[in-house]
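As C-alpha cells, the structure follows; a few thoughts come after it.
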Amino acid sequence: MISMKYRVVNLHLSDFRTSIMHLTLLLLMSCCGAAPSKQTVAMLGDDVVLPCHLVSAGNAADLTVEWARPDLDPRFVLFRRGGIELQHEKHPTYKGRTSLSEDKLKCGDLSLKLSGAKLSDSGTYRCLVPTTDTDSTIQLTVGSVSSPFIHMSSVGNRVLLDCKSKAWYPEPEVLWLDEESKPLSAGSTKSVKGPDGLYTVSSKLTVDHTHGNSFTCRVQQRNINQTREAQVHVPDELLMTQSKSAVRISIIVVICVLSIAAVVLLLWKWGPNKRDKKIHDGEAMWMSSFGNVLELQPLMGGGGDGLQSVTVHEKIKYLDSTKAKLEEELGKTEGELKHVEEVITKLVDQKKDLKNQREKIISLQQNDMVKIEENKKKLKTTPKTGKDHKKKKLEDAREDLAKRKKTHDELLKETEKLLEKTDDMITTMTERKGKLEKDKEQISKYLKETERQRGEAEKKHQDENEPQSEETDGEDRGDPTSVLEQ
C-alpha cells in the first residue's frame with residue numbers, strides 16, 4: 001500500500017516537472033521571440049535576423065558564441081567570448097554588419113542581426129555554443145525583385161506586348177495571363193545577367209482581337225516566394241483598327257492580282273484576231289511554201305543540172321523561212337501560256353485567302369453584335385441620376401460599335417465582290433489556257449512537218465550534187481548561179 005502511494009506521488013512530481021518545463025519554454029519564447037527557422041529569405045539591402053536559441057533556458061551573455069559560414073576563410077561572421085566580440089576573428093566582408101542583442105542574450109536568444117544584405121551573403125550559417133548542446137544551421141537566401149512594365153506597339157495586323165523587369169535574383173520566370181487569369185502561350189523568356197549579378201528578364205506576347213483586351217505579365221521567383229505583376233488593357237479601337245487594316249491589306253493584294261489578270265485578259269480580247277491571223281498566216285505560209293515548191297517540180301523533171309540545183313535550193317530557203325517564223329511564234333505562245341498559268345495559280349491562292357478573310361470578318365461581325373447587346377443592357381441598367389459620366393461613356397461606346405459594325409459590313413461586301421470577280425477571272429483564264437495549249441500543239445505540228453520536209457530537201461540536194469563532184473577536172477561543170485542570171 002505504501003509502495004503504491006509512493007509511485008503515485010512520483011508520478012505527480014514527474015507531471016509537475018514537465019509542466020514547469022513547458023511553462024519555462026513558453027516564457028522564453030514570449031520574452032525572446034519565435035522558434036528557430038531553417039530557411040530565411042532577405043531582400044537585397046535589407047536587414048535580416050538569423051534565429052538561434054539555447055537548447056536549455058539560461059543566460060548566454062558570458063558564453064562563447066560562434067556564428068560561421070563553412071565555405072568562408074576565415075569562417076566566422078561573428079565570434080564572441082566572455083561577453084566580448086572578437087573583431088579580428090571575423091571575415092572582412094562582415095565587419096560592422098553583424099551583431100547580437102545584449103538584452104536577448106540574457107534570455108538565451110543568440111539570433112544574429114545582419115545589416116545591408118548582399119547577394120554574396122546567401123549561404124549556410126552555423127550557430128554554435130561549444131559549452132552547450134546548441135548547434136543549428138540556417139540557410140539564408142538573399143533575393144532582389146522589381147516591378148515589371150509593359151510596352152505596347154503595333155506589328156502588322158496584331159498588337160505586340162513587351163514585358164520587361166530588371167534587378168532580379170535569383171533568376172525568375174515570366175508568365176502571361178489573360179483577363180480570366182488563364183496562362184497564354186508566349187515566346188521564350190530572355191534573361192540577361194548583369195555585372196552586379198542581377199537578372200533582367202523580358203518576354204513578348206503577340207495578341208489580336210480573339211485574345212480579349214486585358215493582359216497580365218507576372219514575374220515570379222519561387223525560391224524567395226516573390227511575385228510582381230503588371231497589367232495592360234488593349235483598347236478595342238486598336239484591335240479593331242488592326243483587324244480592319246489586315247482586311248484592307250488583303251483586299252489591296254487581291255485587287256493587284258486581279259489587275260494583272262485583267263491586263264492579260266484585255267490583251268487577249270484586244271488581239272484574238274491578230275493572234276489567230278498569225279496562226280493562220282503560219283499555216284498559209286507553210287502551205288504556200290510547199291505550193292511554190294510544187295510549182296517548181298516540173299522544172300526539176302528536166303533541164304540542166306544547174307536549174308535543178310537552183311530549184312532545190314529555193315525550196316530549202318522557203319522551208320528555212322517558214323521554220324524560223326514558226327519557232328518565233330511557238331516561243332511567244334509558250335511564254336504567254338506560262339504567264340497565264342502563273343496568274344491562274346495566284347488567283348486560286350487568292351480565292352482561298354479571300355474565303356479565310358470572309359470568315360474572319362463574319363467573326364468580327366458576330367463579336368460586334370455581342371458587344372452591342374451588352375452595351376444596350378448596360379445603358380438600360382444605368383441610373384439616370386448621378387451617373388452622367390458613365391452613361392456618356394456607354395453612349396460613346398455605342399457609337400463606336402455602330403461605326404465598327406458598318407465598317408465590317410462594308411468590308412464583307414467588298415470581299416464577296418472580289419470573290420465573285422476572282423471566280424470569273426479563273427474561269428476566263430482557264431479558257432485562255434486551253435486555247436493557248438491548242439495553238440501550241442498546232443504550231444508544233446507545222447514545225448515538225450516543216451523540219452521533215454527540210455530534211456528531205458537537204459538530202460535530195462546532196463544526192464543531186466554527188467555526180468557533179470565525180471566529173472574530171474578538165475570538164476566544164478557549169479555554174480548554177482549563171483543559169484539564174486540568164
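Keep in mind that glycine also has a Cβ here, set from the backbone N, Cα and C atoms.
So that you can see what the record holds, here are the features copied from TrEMBL:
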- 1-34: signal peptide (SIGNAL)
- 45-143: domain 'Ig-like' (DOMAIN)
- 156-233: domain 'Ig-like' (DOMAIN)
- 249-268: transmembrane segment (TRANSMEM)
- 375-408: region 'Disordered' (REGION)
- 377-392: compositional bias 'Basic residues' (COMPBIAS)
- 393-408: compositional bias 'Basic and acidic residues' (COMPBIAS)
- 429-486: region 'Disordered' (REGION)
- 429-464: compositional bias 'Basic and acidic residues' (COMPBIAS)
- 465-476: compositional bias 'Acidic residues' (COMPBIAS)
### Task
Report the DSSP secondary-structure composition of the domain 'Ig-like' (45-143) as helix, strand and coil residue counts.
13 helix, 37 strand, 49 coil
### Query
Taking every residue in the domain 'Ig-like' (156-233), what is their average pLDDT?
90
#### Entry: Within the compositional bias 'Basic and acidic residues' (429-464), residues counted as helix, strand or coil by DSSP
36 helix, 0 strand, 0 coil
### Task
Taking helix as H, G and I and strand as E and B in DSSP, count the residues of the domain 'Ig-like' (156-233) in helix, strand and coil.
6 helix, 48 strand, 24 coil
#### Entry: Helix, strand and coil residues within the compositional bias 'Basic and acidic residues' (393-408) as assigned by DSSP
16 helix, 0 strand, 0 coil
